Amino acid sequence: MNYNKKSIEDIDVKGKKVLVRCDFNVPLNEGKITDENRLVGALPTIKYLMGKGAKIILCSHMGKPKGEPKKELSLLPVAKRLSEMLNKEVIFADDDNVVGENAKKAVEDMKDGDVVLLQNTRYRKEETKNEEVFSKELASLADVFVNDAFGTAHRAHCSTVGVTNYLKEAACGYLIQKELKFLGNAVEKPERPFVAILGGAKVSDKINVINNLLDKVDTLIIGGGMGYTFLKAQGYTIGNSLVEEDKVEYSKEMIDKAKEKGVNLLLPIDNVVADKFDKDASPVVTEDQNIGEGYMGLDIGPKTAKIYSDAIKSAKTVVWNGPMGVFEFKSFANGTIEVAKAMADSDAVTIIGGGDSAAAVNILGFGDKMTHISTGGGASLEFLEGKELPGIAALNDK
């Protein structure tokens with residue numbers, strides 16, 4: 001995949017109508033935004049375009065309205081909050097069909113530096129099917145397309161891919177540019193030693209990632225629920241731990257592949273277990289890899305955490321995707337905390353691949369110590385799998 005894409009700085013936007021696909025899929029509680037990280041992330045691109053005298057038309061999805069208007073998924077709260085953040089009114093074009101009379105009039109009346117926000121793109125059923133009719137309507141409002149929504153870059157939708165068939169200038173905003181820089185370098189030309197850490201519940205979610213990364217990394221660390229399938233593959237007992245029986249054979253193949261490639265594959269050597277999946281369950285640390293009958297693994301053990309931390313400390317590039325245990329339960333958060341600490345203390349380029357690991361790092365207060373926290377869980381995973389992301393591929397090459 002070519003990561004060298006035109007950015008907003010490579011195109012002339014003065015006086016032009018610029019359609020910007022943002023990721024404003026923010027959590028709401030009674031119409032109030034409870035986490036505005038995604039709005040903050042979009043500001044540099046919007047402010048740059050304002051400063052250059054562009055006419056800025058913002059669009060985004062929110063939630064899953066499944067192709068029909070749902071009042072609770074309206075982008076009105078986003079327009080209000082953005083107006084405050086930009087110190088400038090963001091005109092909300094409230095059309096159930098997204099590109100309706102309100103949108104057309106708002107765009108027609110725009111002066112250089114003005115900002116309009118369209119209604120939730122997923123109010124239209126065509127959006128997720130990437131159907132021409134809606135792509136054409138969106139494109140008809142603008143002269144230039146800018147994609148700054150990395151979180152949906154792995155989806156071929158009207159507002160991420162379809163519009164580029166009708167707008168010949170298509171560039172990335174600052175958010176996507178940053179993602180391409182850090183994730184692209186990690187995958188293509190990492191500074192070594194390159195360590196990848198994979199956690200989370202399921203091997204099946206990470207099959208292609210494990211396979212692809214074994215061709216690239218010096219050390220691969222496995223933790224979280226998926227670790228128990230690997231332990232079973234090595235012949236250890238795992239009690240009542242989460243296991244994917246149909247992935248045990250695959251895990252054996254990956255252990256062999258790591259040996260062949262000379263990759264240091266690190267798996268748990270001790271575990272924190274309990275007799276039930278409960279925040280109040282009493283944690284017990286196992287002597288070794290084996291987990292007794294009636295117990296389930298809920299975190300990596302202290303010896304494992306030490307080995308993983310040491311591997312991180314000697315790295316020059318670290319990519320982390322997925323927690324080491326059930327970090328929402330205090331008794332089983334230590335593995336995740338130790339990994340986050342080791343990354344925070346490291347001089348390496350440290351990249352967090354969105355989703356649960358990003359949440360964990362932010363909750364633990366290590367966010368500002370990481371080189372880059374990806375804004376897309378699914379998109380960053382597909383990136384690490386080596387897949388081409390349609391929303392990136394559709395942009396102009398430099």
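Every residue gets a Cβ built from N, Cα and C, even glycine.
If you look up Swiss-Prot, you'll see D23, F24, N25, R38, H61, M62, G63, K64, R122, R155 marked as substrate binding site. Cβ neighbour count for G63 (substrate binding site) (all protein chains, 10 Å cutoff from its Cβ): 14.
S357 (ATP binding site) is surrounded by 32 other CB atoms, counting those within 10 A of its CB over all protein chains shown. According to its DSSP assignment, S357 (ATP binding site) is helical. The ATP binding site feature in Swiss-Prot is assigned to K206, G297, E328, G354, G355, D356, S357; the stated evidence is sequence analysis.
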Going by C-beta under 8 A and a gap of 6 or more residues, the same-chain neighbours of H61 (substrate binding site) are N25, N120, T121, R122, E127, T152, H157, S159
As a whole number of Å, the Cα atom of K206 (ATP binding site) is distant from the Cα atom of D23 (substrate binding site) by 24
What DSSP gives for R122 (substrate binding site), in three states, is helix
